[in-house]
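Participant: The structure under discussion is supplied below as structure tokens; questions concerning it will follow.
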Amino acid sequence: MARPSSSLFLGAAVAVALLVLGAAPPSALAGDPDYLQDLCVADLNSEVKVNGFPCKANASADDFFSSILAKPGATNTTTGSVVTGANVEKVPGLNTLGVSLSRIDYAPGGGLNPPHTHPRATEVVFVLYGTLDVGFVTTANKLVAKTISQGDVFVFPRGLVHFQRNAGDEPAAVVSAFNSQLPGTQSVAMTLFGASPEVPDDVLAKAFQIGAEEVDKIKAKFAPKKS
């Protein structure tokens, strides 16, 4: 049976995201500070450092538009997934509005968005197509997990470690909604084993109860690629 048009489900995903994000008043909802004017299009080239981005003098419709989520991303990565963000860095008109989206594509047979956190936002995913095993871990070390499929929605609370894995033999994709213009992402493995400067070996060895040789082997996998 032919898979339904991804554009149809992408449109539905955006509608769901807007409903979810619009269900609460801004003061109760926003992970970012409330805005004080109609718009403040981000001046991404400004050298002024503020919490967010300074406002650009002249805004246009293009500052509020992007087609970046329309097409699947290439999943021929180490983990078999790719995240395409539609945040303030890609859509400058999102500056101060406290929302953003992303699209995540997963390769068949186990494509993984590895355990990670979003320190500045709660995430809501809407499944465009495919079947995913998803879950997050609470601060009490309880795993909250479920298998979700096309049309389903799942929520990952702000700051908690979570993951998604393609549970099927076909490609999968979701659209994610965030209550932040720039939610931030910290991959657990990359953060600990790929930091620069490096996290000391003895810290990682003791934390993970492994030897220094194992730490070095893992760090080598996350070291920057030499050109």
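Here the Cβ of each residue, glycine as well, is placed from N, Cα and C on the backbone.
Copying in the features that TrEMBL gives for the protein in this structure:
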BINDING   ASN113, HIS118, GLU123  oxalate binding site
BINDING   HIS116, HIS118, GLU123, HIS162  Mn(2+) binding site
DISULFID  CYS40-CYS55  disulfide bond
DOMAIN    67-216  domain 'Cupin type-1'
SIGNAL    1-30  signal peptide
Participant: Please average pLDDT over the domain 'Cupin type-1' (67-216) for the predicted structure.
Facilitator: 97
Participant: Going by C-alpha distance, which of the binding-site residues ASN113, GLU123, HIS162 is nearest to CYS55 (disulfide bond)?
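Facilitator: Closest by Cα distance to CYS55 (disulfide bond) among the binding-site residues ASN113, GLU123, HIS162: GLU123.
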Participant: Setting HIS116, HIS118, GLU123, HIS162 aside, what same-chain residues sit with their Cβ within 8 Å of the center of the Cβ atoms that define the Mn(2+) site, listed in sequence order?
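Facilitator: What remains near the Cβ centre is THR117, PHE136, PHE156, LEU160, VAL161, PRO183, THR185.
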Participant: Please list, for the domain 'Cupin type-1' (67-216), how many residues fall into helix, strand and coil according to DSSP.
Facilitator: 22 helix, 59 strand, 69 coil
Participant: What is the interatomic distance between the Cα atoms of ASN113 (oxalate binding site) and HIS162 (Mn(2+) binding site), given in whole Å?
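Facilitator: So the alpha carbons of ASN113 (oxalate binding site) and HIS162 (Mn(2+) binding site) sit roughly 9 Å from each other.
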Participant: Pick from CYS40, CYS55: which of these disulfide-bonded residues has the biggest number of other Cβ atoms within 10 Å of its Cβ?
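Facilitator: Result of the Cβ crowding comparison: CYS40.
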Participant: For the recorded oxalate site formed by ASN113, HIS118, GLU123, name the remaining residues of the chain with Cβ within 8 Å of the site's Cβ center, in chain order.
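Facilitator: Going along the sequence, the neighbours come out as SER102, HIS116, THR117, VAL125, PHE156, HIS162, SER176, PHE178, PRO183, THR185.
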Participant: Expressed to the nearest Å, what is the distance separating HIS118 (oxalate binding site) and CYS40 (disulfide bond) at their Cα atoms?
Facilitator: 24
Participant: Cβ atoms within 10 Å, counted per site: which of HIS116, HIS118 has the most, among these binding-site residues?
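Facilitator: Going through HIS116, HIS118 one by one, the largest Cβ count within 10 Å is at HIS118.
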Participant: Let me know how many other Cβ atoms fall within 10 Å of the Cβ of GLU123 (oxalate binding site).
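Facilitator: Taking all protein chains shown, GLU123 (oxalate binding site) has 23 Cβ neighbours within 10 Å.
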